[in-house]
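Remarks on the structure that follows.
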Amino acid sequence: MADILDQKIIHPLKLFNIATNEKRLLYTSAPMVRYSKLAFRQTVFEYGTDLCWTPMILAKEFNRNQFARNSDFTVSTTGPQPPTIVQFGANVPQELARASSLVAPFTSGVDLNCGCPQSWACAATMGAALMEKRELVRDMVTTTREQLRQDGWDVGLDKDMESSKGRSVSVKIRVHKDLRKTMDFIETVIGGPSREHRNVDFLTIHPRTRQTPSSTPINVESLEILTSTYGDRVPILLSGDVFTLNALPFSSPLLSPNPTFTTSSEVPETGTETIPRRLNIPKLAGLMSARAILANPALYAGYDACPWEAVEAFLNNVARAPLPFKLTLHHLSEMCAPGMAASDKTALLNKQERSEMMRCENMIDLIDFLDEKREIKRRRRREGDIAG
Ligand SMILES: Cc1cc2nc3c(=O)[nH]c(=O)nc-3n(C[C@H](O)[C@H](O)[C@H](O)COP(=O)(O)O)c2cc1C
């Protein structure tokens, strides 16, 4: 415990600043129920992720149940301890404040999930249902900020970014079909007229509505409007379709080289031809990846497909920060399959090999299986090189 409390915790706003000074976007990995646990966070951190999210944790259960606390949130006592945001699902200000108070010594900040579309969450007025409850969301973040301040944490936004006691409070949202509702929501939740007087340190926007399936591309136009309206008042992260750094559906001065991909927005030009228009999003501060980083934890290090080394790094991290064996297998089946990047659909294992892997019954079998497959592929590559 003393070890972890001694580790210097870095303020997320400082990370935003470092990324901007390096003329790039901030790289973050998304909250993913079931998946974004410590061993995975450590793996993506090794491959260039600046800031990691835990899966959503239900604040009420976390506050009341020691078992929930032990199983939902793990930190490393021996490092590496990636800069981490703990995400909560909550609908009562005091519940979010209390849960945040419990995790604050071990984390860079806390985040409220206003995006989960699942029916059970919405029925309990959590997740995306909160997009219709802007005053409640504002009350949850202000109560939490006040609780952390009373506990002795520095929650003074940019002015506290150098403090080792600095902590952030943020929210992750979806958009409404009518973007004016999203703007009303953001106005209410960030509050204050200026950057110095806001209620949230930063905002993550997933530009899909509660009803939009994840197979539908994100709405880049709404992201452009929201970032140009609010990007000077609050740092904004994009969650959605961050599949590879080389093929984002927009351009930004903080992306170099800029992607070659285009959006669905096409402006009619002369004659029958249309010239695809790529929207520029200069006020976006960072990226958050979910499905793509699950398949390829090395995404931010510039890999378009998962390398074997990332599999090895993940297994090493699992050995130190164990995950249930079935969950480890699920992670590996994601990492060994074709990823989300359209430019590179190579897979470490083919479909048949992946089914074979899923039949492994323990870690020893699994490690032997992967070692053997990797060695066979290495040998084939060498033979191919010689033949070629
Ligand atoms: C397996 C999985 C679990 C998720 N769990 C959460 C969660 O706990 N909290 C949350 O805010 N979003 C959650 N999401 C949504 C993602 O954080 C993200 O907003 C969404 O998948 C869009 O990003 P992508 O296109 O990079 O996948 C989850 C997504 C996936 C695929």
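Placement of Cβ uses the backbone N, Cα and C atoms for every residue, glycine included.
Taken from TrEMBL, the feature active site, proton donor covers Cys116. The FMN binding site annotation in TrEMBL covers Pro31, Met32, Val33, Gln87, Lys172, His206, Ala290, Arg291. According to TrEMBL, the domain 'DUS-like FMN-binding' annotation covers 30-246.
With every protein chain in view, the residue among the recorded positions Met32, Val33, Cys116 whose Cβ has the most Cβ partners within 10 Å turns out to be Cys116. Across the structure, Val33 (FMN binding site) and Cys116 (active site, proton donor) are spaced 10 Å apart at their Cα atoms.
Put simply, Gln87 (FMN binding site) is 12 Å from Cys116 (active site, proton donor) when counted between their Cα atoms. Long-range Cβ contacts of His206 (FMN binding site) within its own chain (separation 6+, distance under 8 Å): Gly115, Lys172, Ile173, Arg174, Val175, Ile218, Leu238, Ser239, Gly240. Non-local contacts of Pro31 (FMN binding site) by the CB criterion (under 8 A, 6+ apart in sequence, same chain) comprise Trp53, Thr54, Pro55, Met56, Ile85, Gln87, Asp111, Asn113, Lys172.
In the structure shown, across all protein chains, Lys172 is the one of the binding-site residues Lys172, Arg291 with the greatest number of other Cβ atoms within 10 Å.
Taking the domain 'DUS-like FMN-binding' (30-246) as a whole, pLDDT averages 96 in the prediction. With a cut-off of 8 Å between CB atoms and residues at least 6 apart in sequence, the same chain places Ser29, Ala30, Met32, Ser239 near Ala290 (FMN binding site), listed in sequence order. Secondary structure at Gln87 (FMN binding site), taken from DSSP and collapsed to helix, strand or coil, is strand.
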